[in-house]
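Presented below is the structure to which this report refers.
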Amino acid sequence: MWSSLAMIAVAAAILKLEAPYLKKRQLTKELRVFYFLLLSGTILSIAMLMNVELPNPMRLVHAVYKPLSDWYTSVLK
Amino acid sequence: MKHFRVIGRKGVGAVKRKAALLICVLLVFIAGCWSRRELNDLAIAVGFGIDRSGEQYEVSVQVVDPGEVATKRPGSQRSPVTMYHAKGKTVFEAIRRMTTVTPRKVYFSQLRMFIIGDELAREGIREGLDFLSRDHELRTDFYIAVAKDLTAKEILSFYTPLEKIPASKMHNSLDVSDKSWGPTAAMKLDELIKDLVSDGKEAVLTGITILGDPEEGTKRKNVQMIDSPAFLKYSGIGVFQEDKLVGWLNERESKGYSNITDTLKSTIINAPCPEGGRVGIEVIHSKSKMKGKVRNGKPEAEVEIRTEANIGEVECKLDLTKEKTINRLEQEFEKIIQQNAEQAIKKAKSLEADIFGFGEAIHRSNPRYWNTIKNDWRRQFVDLPVHIKVDVKIRHMGTVSSPFFNQLKE
Amino acid sequence: MLDKGKISTRQLTIIVALFMVGSSILIIPSYLATYASQDAWISALLSIATGLAVLPLYIALGNKYPGKTLAQFMEDILGMWLGKAVSLFFLAAFPFTMAAFSLRNIGDFMTTQIMPDTPIQAIHIIFLIVVIIGVRLGLEPIMRAAEIIFPWFILLFVCFVIFISPQIKWENILPVLEGGMKPVIGAGVPFTAFPFMETAVFLMIFPHVNRPDRVGRALFWGIVIGGAVLFIITMMSVLVMGPDTTARLIYPSYALAKKISIGNFLERIEGLMAIIWFFTIYFKLTLLYYISVIGFAQSLSLKEYRFLTIPLGIILIVYSILISPNTSFWFEMYTTWALHAITLGLVLPALLLAVAAIRGKGAAKAAATSASEEQTQPDT
């Protein structure tokens, strides 16, 4: 609970740190990308802090290559 | 304009000097005090014990001999601490009577351990504790324990190797044990009183006992040998009903207790391997949450235990390089933790003492309902359904992958 | 240009060498010994050779689009939308994932061997803060730092080898080729993939080198030096501790460092040796993160990249925790990751080169015709 709030506080601090520079130079696309990434990052962090089971992309990679890998190990034996 | 003339001529200097003089006069009164006591008028007590002796209380105090402790040379034949005891109708009286034997007045602020004798604990500890909480000298940073099957006096007259002041040793060892071995409960005075007073939680105290021959332990010889014939040992958790000791939790049940009440910091858990042998994991993080609920007018409790562990020891042929093995192990340990918790609850129910604080949890979630059953909680607790959910995650396995004996020929 | 830094060929060599050593130095000897046993060193040599063999592919691809990074010329080859998509996918699946993995490596190492009670996130965050500082400063400062650190790295490494060499038992590599070449090659292929195929990410750095004609040479030497370090460590592990122990240990290099004992006086200095891998992992991680951030910015045609470092950093931390639920997971993933690395590090660049060649022919023709048109119509 508190860690999630701390995370939001950190995100707000980052916002305050980086956004003004972008706003001043009127880099709107950059600003939007920044908001998107910061939001994603904060949401993911809070999810992790609340012990939500996030999917692991490596499992997908493992699943995709497993047949090939199994063939390879059998060839080696 | 006229008042400024007072300061004007003789100058600010005059006022300054008057102020300085005033301060000096006051200092004389401030520096001294009525309640001063020099260090060499004090007998610093590190261990304090109360026992039942007939109709009276017997109080034992373990006092430090600073000369013996501070010296770097191996000491003379004197022991580093001394014990004094006295009897009295109240605890306070007994302590004052002790001044007939102590060369100095006992100073309690450095107290490390407070031991309650077994017999007295069974009768009720409230009287003994009142002095502790009321006296201004006493702080709340000492640990409290019950002398299991012994008197406090016997515990406090024990020689300990490695640590010159036995009470210090007891304190430190309880500290370390609490942090790295689950089944101990390091209790301080304020927590104890809070639990005693609370309707929804019963108190527990850790038990301290002597392994080996207690007689031998009181001799200096105990620390002159490499393998001492007697040791002080923390053993089990004592369960209280109100302020009376009613039973003990064994090691497994104590682990369960620590787990449920979220006081477990680190411990070792063993599980059998499918083909014989054992696997041991070291718990590195453990958190548990307790929730009280009321369903259909009946109370219920839920405990969620979340544990992270590393593999500490493998005594069978396991292939740790497969994630499936790890998952299987995680399930095994979840079962074991759950069983420990269930056993602890069963024991507590058989002693009719809610030591976990489920009552408190129900109070927190549903105060109105709690008010209706709190006077009957002891009996309600016996029928309380508790749902336990355990989640174990095994992270690392130390510095080697599979155990080397996987390659040994059987 | 997002980052106007220029780097010298020597700096490129150094960073490649440090990158190769990177996190591999911690775990490669164990892996090789598991599959090739006492012939692990032969595996290592083979892999280095293979890693070098693919260099020409990268050089050719890089030279086709001088002054452009991989993320940028991806669009030229595949068209704007496909190029951006493939580029983002590549960045996420390769450098970004490798960065998470490297971070996790140092975190795991610290919590396994040195500070077991520390929560791993703390180590990740602190390490990453320094990485982010480096990335924000730009490529040149990173390279210069690498240049400064490199001699110390070499010094520590050479000391390590010298100190451990009295304990070599040559019989540990006998009998040679006991299992034939099969296990040796078998172990070698995944090793080639990780870390050698990862060299592909350097395609993002090529434009910054101040002498583009010497890039190939810089890469070559970088791989040779890095590969040599890995080879020596593997060799030393097997020679001193034997193949069985090396295979069983998760961090054989650290165990090896623990064994250093000279004249009963120079002992227990494994902490000092661990500094070696701190350096190498730091530079590998910094470079990978830099590439990820710059690539991301280029794919989206952004004009600035520094603001991305912190939000992507948060995502990286989450990713690095997520990427492996426990140590066993990576044991199983070793071969599959290697295949993934080959796909993205070899197959993809090859495909890109092929497509670029086909397109190039068409474009060259068009350019030739327009050039000849200009020639026949001079402006005066």
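Cβ atoms are placed via backbone N, Cα and C, with glycine included.
The feature transmembrane segment is assigned by TrEMBL to C:12-34 (among others). For the transmembrane segment (C:12-34), the list of distant contacts is 40, 43-44, 101-102, 105-106, 109, 142-143, 146-147, 149-150, 153, 187, 190-191, 194-196, 198-199, 202, 205, 209, 215, 218-219, 221-223, 225-227, 229-230, 233-234, 237-238, 243-244, 246-254, 276-277, 279-281, 283-284, 287, 334: same-chain residues at least six beyond its ends, Cβ to Cβ under 8 Å.
According to TrEMBL, the feature transmembrane segment maps to C:40-61 (among others). Proximity of distant same-chain residues to the transmembrane segment (C:40-61), defined by a Cβ-Cβ separation under 8 Å and at least 6 residues beyond the stretch ends, is recorded for 28-29, 32-33, 173, 176-177, 184-185, 187-189, 191-192, 196-197, 199-200, 202-203, 215-216, 219-220, 223-224, 227-228, 230-231, 234-235, 237-238, 243, 246, 346, 349-350, 352-353, 356.
Marked as transmembrane segment by TrEMBL: C:81-101 (among others).
The transmembrane segment annotation in TrEMBL covers C:121-139 (among others).
Non-local neighbours of the transmembrane segment (C:146-164) in the same chain are 10-11, 14-15, 17-18, 229, 232, 236, 240, 256-257, 259-260, 262, 266, 272-273, 275-276, 279-280, 283; each lies 6+ residues outside the stretch with a CB under 8 Å from one of its CB atoms. Marked as transmembrane segment by TrEMBL: C:146-164 (among others).
Here TrEMBL flags C:184-206 (among others) as transmembrane segment.
Taken from TrEMBL, the feature transmembrane segment applies to C:218-241 (among others).
Remote same-chain partners of the transmembrane segment (C:274-296), defined as residues 6 or more beyond its termini with a Cβ less than 8 Å from a stretch Cβ, comprise 2-3, 15, 18-19, 21-23, 25-26, 69-71, 87-88, 90-91, 95-96, 98-99, 102-103, 105-106, 109, 113-114, 127-128, 130-132, 134-135, 139, 142, 145-146, 149, 152-153, 156-157, 160, 201, 204-205, 253-254, 257, 305, 308-309, 312-313, 316. Annotation comment: TrEMBL describes C:274-296 (among others) as transmembrane segment.
According to TrEMBL, the transmembrane segment annotation covers C:308-331 (among others). Sequence-distant neighbours of the transmembrane segment (C:308-331) (same chain, 6+ residues past either end, Cβ-Cβ under 8 Å): 96-97, 99-101, 103-104, 107-108, 120-121, 124-125, 128, 131-132, 135-136, 250, 289, 292-293, 296-297, 302, 337.
Proximity of distant same-chain residues to the transmembrane segment (C:337-358), defined by a Cβ-Cβ separation under 8 Å and at least 6 residues beyond the stretch ends, is recorded for 54, 57-58, 60-61, 64-65, 73-74, 76-78, 90, 93-94, 189-194, 197-201, 203, 330. Taken from TrEMBL, the feature transmembrane segment applies to C:337-358 (among others).
Looking at C:121-139, C:184-206, C:218-241, the range that has the most CB pairs within less than 8 A of the transmembrane segment (C:81-101) turns out to be C:184-206.
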